Amino acid sequence: MEFSIRKSPLSVQKVVKCMKMKQTPEILGSANGKTQNCEVNHECSVFLSKAQLSNSLQEGVMQKFNGHDALPFLPAEKLKDLTSCVFNGEPGAHDTKLCFEAQEVKGIGTPPNTTPIKNGSPEIKLKITKTYMNGKPLFESSICGDGAADVSQSEENEQKSDNKTRRNRKRSIKYDSLLEQGLVEAALVSKISSPADKKIPVKKESCPNTGRDRDLLLKYNVGDLVWSKVSGYPWWPCMVSADPLLHNHTKLKGQKKSARQYHVQFFGDAPERAWIFEKSLVAFEGEEQFEKLCQESAKQAPTKAEKIKLLKPISGRLRAQWEMGIVQAEEAASMSIEERKAKFTFLYVGDQLHLNPQVAKEAGIVTEPLGEMVDSSGASEEAAVDPGSVREEDIPTKRRRRTKRSSSAENQEGDPGTDKSTPPKMAEAEPKRGVGSPAGRKKSTGSAPRSRKGDSAAQFLVFCQKHRDEVVAEHPDASGEEIEELLGSQWSMLNEKQKARYNTKFSLMISAQSEEDSGNGNGKKRSHTKRADDPAEDVDVEDAPRKRLRADKHSLRKRETITDKTARTSSYKAIEAASSLKSQAATKNLSDACKPLKKRNRASATASSALGFNKSSSPSASLTEHEVSDSPGDEPSESPYESADETQTEASVSSKKSERGMAAKKEYVCQLCEKTGSLLLCEGPCCGAFHLACLGLSRRPEGRFTCTECASGIHSCFVCKESKMEVKRCVVNQCGKFYHEACVKKYPLTVFESRGFRCPLHSCMSCHASNPSNPRPSKGKMMRCVRCPVAYHGGDACLAAGCSVIASNSIICTGHFTARKGKRHHTHVNVSWCFVCSKGGSLLCCEACPAAFHPDCLNIEMPDGSWFCNDCRAGKKLHFQDIIWVKLGNYRWWPAEVCHPKNVPPNIQKMKHEIGEFPVFFFGSKDYYWTHQARVFPYMEGDRGSRYQGVRGIGRVFKNALQEAEARFNEVKLQREARETQESERKPPPYKHIKVNKPYGKVQIYTADISEIPKCNCKPTDENPCGSDSECLNRMLMFECHPQVCPAGEYCQNQCFTKRQYPETKIIKTDGKGWGLVAKRDIRKGEFVNEYVGELIDEEECMARIKYAHENDITHFYMLTIDKDRIIDAGPKGNYSRFMNHSCQPNCETLKWTVNGDTRVGLFAVCDIPAGTELTFNYNLDCLGNEKTVCRCGASNCSGFLGDRPKTSASLSSEEKGKKAKKKTRRRRAKGEGKRQSEDECFRCGDGGQLVLCDRKFCTKAYHLSCLGLGKRPFGKWECPWHHCDVCGKPSTSFCHLCPNSFCKEHQDGTAFRSTQDGQSYCCEHDLRADSSSSTKTEKPFPESLKSKGKRKKRRCWRRVTDGK
C-alpha cells in the first residue's frame, strides 16, 4: 500500500511505503487486548504523545486535521493504539529498530532499545520526518531506515525549506522554546521492553547520531563540575544535572536562540537548582580557583562600587554554606562521573527537592528513609495503586505514565546510559534544613501544594481559557486540535506551584470531593465512571450554582475516564469545556480570563502564606522570573499580601450566605500571633481567641477557659496597650475591647451613649472620611484591624490600599507601616510647594503624607512639634484605582494608579514589601513598584505636573503619562459616579427621623405658662372655628391656640403644629437636585405643609459645624436661624421637610409661629399646589453657610446662586431692554484731542530742566525738586501745591496764576488778590513788582515760612519727567 502526502504548510512532501500486515487479536502478548508489563519510560511517552500516526493502516490514508496532512503535536490518548498499527503479528515477532533523529540537537542521549524479533515476519522501520508548522521546523519521524542516503536527502530538503520559511516568517520566542523542548525530547531514545522484561542491546550503527556524539558538541555534560556566578552571590560550586521537567541539561535562550543555558544544582546542605547561562560557568578545578575567578570578575566590573563588591570576602551568613559546598565539590571531583551522579544528584519526590540521603547524612541533616517518603507521599496522591494488582485500564493516563517511569527507572539502574538525575516523582515531606542553609532560613508556607487530578483537570481548563487567545494569535493557521496540543505543551512545562495559580472555586470543591472518594473503600482506586453515571451524589455539593457545577464536574470526570473510548476524545471535550466557559456566567469566577500570561492573576484559592519574609541567601533566589525551578529557594516571597489576596477571595465566596440574609460566620484570629487556625476561645468579657501553643499549653483545658486578663479583671487599653488607669468596655456585646476614655475620645468615630460608648471598630473609617455628615451605615461585613480601633467595609471600595488581610474579617491597617533603615523608598518626602497657593517658601509639612501648606494659607500659627493635615487627621486613605502622584528615586513626581496586588504580574507580587505598601502602575513607562502613603498624594483634575515636558527621552514619556493619567482619572471618576448614583437611587441618605426639635448643647426649649398663652375670640359654634378663613386673632398674629385656652376647644383648627396635621407627601429622586419632596394630594394656598424640625444649636456650634464642613469639602448642609441663640440643623436629624429643595420661585414659604410660648418654623403653601408637584421654598430666609452655591431650580427669575435675591420683574424687563438696545456709536477723537500740554518751565522759578509734573487732570504745572524742597521723587499719585491751601492744605479756591500761592475759603480773607484784564487773578507779590513807584508797601498776607509749598504730608508719585529747553 502506498500513498503520498501532499505538500502543506505543516509538512514536507514525502512518500511513505508501508507493507500490509495481518492483524492479530493480541497486542504485545496481551490476551485481552491490553498491554501487560509494558515498561515505557517518560522520554518515550513524551515522544509518542507528539508523533502522529494513523490509527489503522486499513484506512488507506492518513488522518487530516483542518486540511493538513501532518500535525506537530498530538496527545498520547490519540496514540494508545499505536502498537496495533506498528507491532502487528505475534508478540516479539518483529525486529523493530526505533531511531529518533533531530538536527542541531545538543543534549543527553541514551542508547536506543529494541524489542525482540521473530524470524519470518516482515520488518518495520520507523523514521520520524521533520515537519514544519508556520515556518518552524519540528522533529523527524517516519517508518524507514535504509541508510544515510535518505537521511541526507531529507536533511537537504529540510534545510532548504527552513531557509525559505526563515526569511518569510518572524520567529516566535515562546514557540521556539516549545520547539527546542520537542527536539530534545525527540532526540532521547526510549526503551520498550518485551513482555518477558528482557533487555536486548541495540546496534549502534542503526542510528547515525547517538547521544554520545551529541554530547561531544556541548561544553558541559551531566555530571560535570563547574563554578557558577549568580548576581549578588559569590562563585559557587555546582554540578550539571538534567532538569526534571525538560529532561535535559541544556537549552537555548534569547530572542535569536543564541545564548545557551545549563541546568546546575548547587552544592551545600540545601537542595537548590537553577538555569545558568554558559558565560557564567567555569569548569571546576579546585578551591584555589576561587580567588582567580573573583579577580577576573572584578576586572570586568563596569563601576568601582561593583568591583569592590565582587572583591569583598564572603559574608558570614553564606560562609558555612559555601564551605560545605566546596567540600562536596572536591569530594565529587575525586569520583567518576557515574559515582558522582549516583551520590550527588538530587531526589525529586513529588514536587519537592531533596538531598541524596547519603549526602544529607554526611551534612548532619536528619531525613526520613526513602521508603517512608514514598509511603507518606501516598496519602497526598490520588490513591496508592499497586501495579501488580490493579489493571492498567483502571489507572488514569497521567498516573499510568508515572508508574511506567518508576518501573523503567528501576530496570535501568545498572545501565550507564540511564539518566539518574530524574528519579520517579513522589510526594514527600520536606526534610529538616541545615542551620546554615539559606533555604532553611525561609519561612515555609504552611501547606503543601496540591497535586490532585481533579485540581489538575480544572486548572488546565482555566489555563486554556486564559491563554487560548495568545496561542491563536501566534498560530492563526493552526486548527483547534493543534491549539489544544500547544496549550498542553505549555501546561506540561509548568511546575505544580505555577499550575496551582489556575485554581477556581469549582476546582476546590472537586478537590474536596476527590478526597472523599479516595477515602471510600479500601483506598486502592476510585470508580470515576460510577460517579459520573450516578448524579445522586452531587446533592452533597452545597455551593451554587448547582446546575453549572454539575455540568463542569461531569466534563472533568469525562476528562479523567480510563476507558479506551473516552480516552480518545478527552482532549476534545476539554477544549469544548474551556471554550464554553467563555460564553457562560462562569467567567465571573475566572476573573483573570483573557489576560496575557505575563500579567495573569494569582491563584485565588491557594494556601495562605505566613506573615513576614526573609531574604534568601542562596544563589537560586536571584533568578529571573522566567527561570523554572522547583527548589524551595525559588518560592515567592511570603508577603502579607499573599494571604491577603487569598483571604479576600475566600471571604467573597463565604459572604454569599450573608447576601442571602444569613450572618457570615466570624473567623477568629489569635491575639498573640495574629494568625488563624485551631483557636481556644476565652469565655470572659474580652471575647479573645488564642492558640494553645501561644499560651504555652499542650492540650485544651477542661471546663470553662478564661484568659489571664479576664481572670485577673485587669484589662489593657486597646489603643495605648496600658492597664494603669481605669478602662471601660465597648457596649457592643461581641466586641470585647477595653479603652481608656481619654484614648477613645481621640477617634471621631466613637459614639457615646447613655450606657457607655460604641468604639470605632463598628464604623467604617473610609465612609466617615468621605462624608462625615452622612456616613454609610455600619451594616454589612466589617474588616477590623487587630492592632488598633480601625475598621473598613469589606471590598475594594472602602478597604484602604496597603492593608494586610489576615482573615475574612481581620486586617492589619496601613497605620502600622514601619520604614526599614537603608531603604530609600521607605523615607518620608514632602512637596516643595503649598497645596493651596502652589508657591514655595516657609512651609508647614504633614508628618504622614507629602502635603505642605503655608500657615497663612490655613489661617493658623506655625505649630510646635509634629503636625498632620486635615485629611490625615480625618483618616483619609488611598484606595484601589485611585490616580496619584508618586515620588520614586530621583525621578520627578510621576502619575500612577494604585493597583490591587492580585492584579499585578507575578514577578511584582513576589517583590519584598512591608505592611502598608501597595503596588502602583506608572503611566507612560508601564512599570510597577511598591510604595506607601508617605510618598504619594492624590491626583486632582487639571494637574499638569512638571513644566519641563520635552519631545525627547523621558520628557516625551512624561507627557504621554499625563495624557494617560487624565484619561484614566476621568474613566474612574465616571465609574465611581455611576456606582454612587446607583447606590443613592436605592434610598435616600441615612438620617435620624424626629418629630419635634431636639436641643443640642446649651440650647433650651421655652415652654410658656397657660396663663401667658393668648386667648382668641372664636366660638365652637362657628363654621370653621380658628380656621384659615376665620377671623381668629391668634392665627393673624401667628400664634397657635392651646386646647385648654381656646374657646373652640376640640373644634379648634389652629393646632396644626401640635397635632402635626401634614398633607401626605413622598420622597423622590430629582434630576440634578438630589432627593426632593412631592405632594401626593392637592394643597390649597395658605395651607400648612410641614414643620421644619432638626437639631437646635447655638451660633457657636453652628459656626463650628460650618467650619468642619468647609474643611472636609461637605457642601450639602443648611442652617436655618430662628433667633440669635437658636439655629435649626436638619442634617443629622429631621423629618421630611429636610428633603425640600430651594427655588427662586417657590410654592412654599417659611413662617415663624409661636407654639406654647416657643418659636417654631412652619412651611405654608403660597399658591395652589396640585398633586405630584415638588414642594420648594426659598433658602434665603435667615440662612447661613451657603456661599455662592449654584442654584439649579430652573425658575424664570433664578438668581443663579443660593443666597442671592431673585430677580424682580423690573430687573427682568430692564435686562430685556438692555439686550435689545443697540450699541451707541462713539465719535472718534482727533489725534491729539483731549491730551494736555505740560509746561516746560518751573512754575515757581521759571527755569527749565528736570521737572516734576502734576498728576491732576488738566493741570499743566511743572516744578523743580529743589523748588519743592524735596530730595527725591514723590511716590504714587502726586498733585502740585497749587491745588492746596498754603495754610491748612485743604483744597484751594483762590489761585495765583503767576506763582503756586493758593488759599481755601477760610484763609482767603485778608489776602490781596487782583484780577487782570483777561480775568486771571494774581497775588500781592506780583502787584508790588508791577508797581515799584508806589510809596506805600503792602504787608505780606502770610509768613515767609508758609510759602514753602513742597513739604506735604500726603504721599506723592512721580508721573513724568521732562527736560526744559
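Including glycine, each Cβ sits where the backbone N, Cα and C put it.
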Zn(2+) 3 binding, same site as Cys1191, Cys1193, Cys1198 - Swiss-Prot member from Cys1144, Cys1148, Cys1242, Cys1245: Cys1144
Where Swiss-Prot places phosphothreonine when the choices are Thr110, Thr115: Thr110
Residue carrying phosphoserine as stated in Swiss-Prot, selected out of Ser121, Ser194, Ser618, Ser639: Ser121
Zinc finger per Swiss-Prot - which of 279-326, 999-1046, 1095-1142, 1239-1286: 1239-1286
Per-residue pLDDT averaged over the domain 'AWS' (1011-1061), given as an integer: 89
Among Trp1075, Tyr1118, which are binding-site residues, the residue with the most C-beta atoms within 10 angstroms of its C-beta: Tyr1118
The domain 'SET' (1063-1180), counted residue by residue under DSSP: helix, strand, coil: 17 helix, 51 strand, 50 coil
Lowest local Cβ density (other Cβ within 10 Å) among binding-site residues: His1142, Arg1192: Arg1192
